[in-house]
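Note sheet for the following structure.
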Amino acid sequence: MLADLTRVTITTKKSIHAKKFAKLVFDDGTILDGDGFGYSTTVFGEIVFNTGMVGYTEALTDPSYSGQILTLTYPLVGNYGVPDPSIVDEDGIPKFFESSKIQARGLVVHELSLTASHWNLSMTLDEWMYNEKIPGISGIDTRELTKKLRTSGVMMAALVVSDSEIDVDEIKKQLESAPHYDSEQFMDDVSTKEEKIYGDDENTVVVIDTGAKHAILRNVRDIGYKVVLLPWNTTYEKIMSYNPKGIVLSSGPGDPQKCPDTIDVVKKLIQDNVPTLGICLGAQIIGIAGNTETYKLKYGHRGQNKPCVNLENNQVYVTSQNHGYGIKPESLDKSDFNLWFTNADDKTVEGIKHKTKNCIAVQFHPEAAPGPYDCKFVFEELKQLMEKN
Ligand SMILES: NC(=O)CC[C@H](N)C(=O)O
C-alpha cells in the first residue's frame, strides 16, 4: 500500500510552551543566554555536539546520549516535526524512535523552526520535549559553542529553562556538586530488565542490551534471525541457554569500564569462539575483553558523515557515529585484534577483528538511524561468521 504522503503542517508564532528565561552554564564559568522551549526545568550533564543535518528524533532517543546535553550544529532544527511514536514494524519495533523515551538530558539549537511540515508529522519538537519533560534552549550560536568544545574538550554544563529569573550563582553551586558524566552508571536505566523476543525464526541472535537502539534489533531481524534481547549483566550460562548462533553487543552510554560484568561475559564468548559483533560501546567492551585499552576522546565523534577506511579493501565508507570514548590505537599491538577500520579524519580506531576467533567490532553505527546505510554489510559479516560456525 502506498503511504499517505499528504503533507501536515503546524505553524506556531513562538514555542507554545515558551519560557522567558533560559541559560546554559558551563563548568568553566561561561554563561550563554537563549530562549527556552520544551519543559521548564534544570538539568546537568556533559555538553556535546552533533554535526548531523537531520535525525533529531533518532538522536534524542538514542540511549547513548543519556547523561548528555546535546547541541545540534545544523542551524535550523524542528522543521519536519516528530512522527507518531506508536508506529511499529511487523516485529513490534518502533519505526522512527530508537528507544521508548528521550534519552538526552537537554537540547541546544540555534533556531527552533516555528513551522513543522512533513507527511509523517504528529507533533512539533517543542511539544514532544514538553511532554517528555526535557528542556531546550534556542538562540545559541551553536557553531561558536562547537568551536569552544573542540578547543577545550567536552565539559559538564547546566541547562536551565525557567518561568522566573534564574539565580546563576545557585546554578553554579549545583553544577559543582552534580555527578560527573564520567562517573555515572547508566546501565540500570537504559538496559532492559527482562528478556524480550522479536520474531520467530529458527535461529537466534542474542543482543546484549547495554543501551541498544531499535535499529540494531531491526538489522539483526533483516539478516534472518530471531532476536533475544537480554539485560546488560546476563550471565554467560543464561545467554548460552538460548542456543544462540551469534551475539551482538549493543551501543550504549558512558565509560565501557562501567560494564565489568559484560566484559567478563565477552571474555568467555571469545574463548568459546561464539560469533560476536560489537557496536560502539559493544566494540569498546570487546576491545577491553581482548586486551586493548580505552580512553576518552577530547570532544568525541558525533555526526552522520564520518569517513572510515576499511583496511581490507582500502575503501572509504561514510558512517554515522556517536561516541566519546575509543580504543587506544597503540594498545592494539599487544592485543588479540587486528585493526579493521580507521577514521580518515583523525586516524582513531573504528573497527577491529579478532586475530583467531569469530569476533568483530565497529566503533561506528552500521545500523545508521540516523545516518547513511553504507555499512549495513557489517551485519552480513556477522551472518557469515554464524553460517560458517
Ligand atoms: N554510541 C555508543 O555506543 C557510545 C559508546 C560510549 N558510551 C562512548 O561514548 O564512546
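Cβ atoms are placed via backbone N, Cα and C, with glycine included.
Cys280 (active site, nucleophile) falls within neither a helix nor a strand when secondary structure is assigned with DSSP, and so counts as coil. Counting every protein chain shown, the Cβ of Cys280 (active site, nucleophile) has 30 other Cβ atoms within 10 Å. Taken from TrEMBL, the feature active site, nucleophile applies to Cys280.
In sequence order, Lys213, Ala215, Ser251, Ile279, Cys280, Thr319, Ser320, Gln321, Asn322, Gly371, Cys375 make up the list of same-chain residues 6 or more apart from His365 (active site) whose Cβ falls under 8 Å from its Cβ. Following the DSSP three-state reduction, the secondary structure of His365 (active site) is coil. Annotated active site per TrEMBL: His365 (among others), in sequence order.
Around Glu367 (active site), taking its Cβ as the centre, 28 other Cβ atoms fall within 10 Å, counting all chains. As annotated by TrEMBL, active site applies to Glu367 (among others).
Listed in sequence order, Glu46, Val48, Val154, Lys296, Leu297, Gly300 are the same-chain residues at least 6 apart in sequence whose CB falls under 8 Å from the CB of Gly324 (L-glutamine binding site). The feature L-glutamine binding site is assigned by TrEMBL to Ser64, Gly252, Gly254, Leu281, Gln284, Asn322, Gly324, Tyr325.
Broken down with DSSP, the domain 'Carbamoyl-phosphate synthase small subunit N-terminal' (20-160) shows 27 helix, 54 strand, 60 coil. What TrEMBL records for 20-160 is domain 'Carbamoyl-phosphate synthase small subunit N-terminal'.
Taken together, the residues of the region 'CPSase' (1-205) have an average pLDDT of 93. According to TrEMBL, the region 'CPSase' annotation covers 1-205.
On the backbone, the CA of Gly252 (L-glutamine binding site) and the CA of Glu367 (active site) stand 13 Å apart.
Taking the Cα atom of each, Tyr325 (L-glutamine binding site) and Glu367 (active site) are about 19 angstrom apart. Each of the binding-site residues Gly252, Gly254 was scored by other CB atoms within 10 A of its CB, and the lowest score goes to Gly254. Among the binding-site residues listed (Gly254, Leu281, Gln284), Leu281 has its Cα nearest to the Cα of Glu367 (active site). Counting only residues at least six positions away in the same chain, the Cβ atoms of Gln103, Gly211, Lys213, Ser251, Gly252, Pro253, Cys280, Leu281, Asn322, His323 sit under 8 Å from the Cβ of Ser64 (L-glutamine binding site).
Other residues of the chain with a Cβ within 8 Å of the Cβ centroid of Ser64, Gly252, Gly254, Leu281, Gln284, Asn322, Gly324, Tyr325, the L-glutamine site, are Gly211, Ser251, Pro253, Asp255, Pro256, Cys280, His323. The sparsest Cβ neighbourhood within 10 Å, among the listed binding-site residues (Gln284, Asn322), is found at Asn322.
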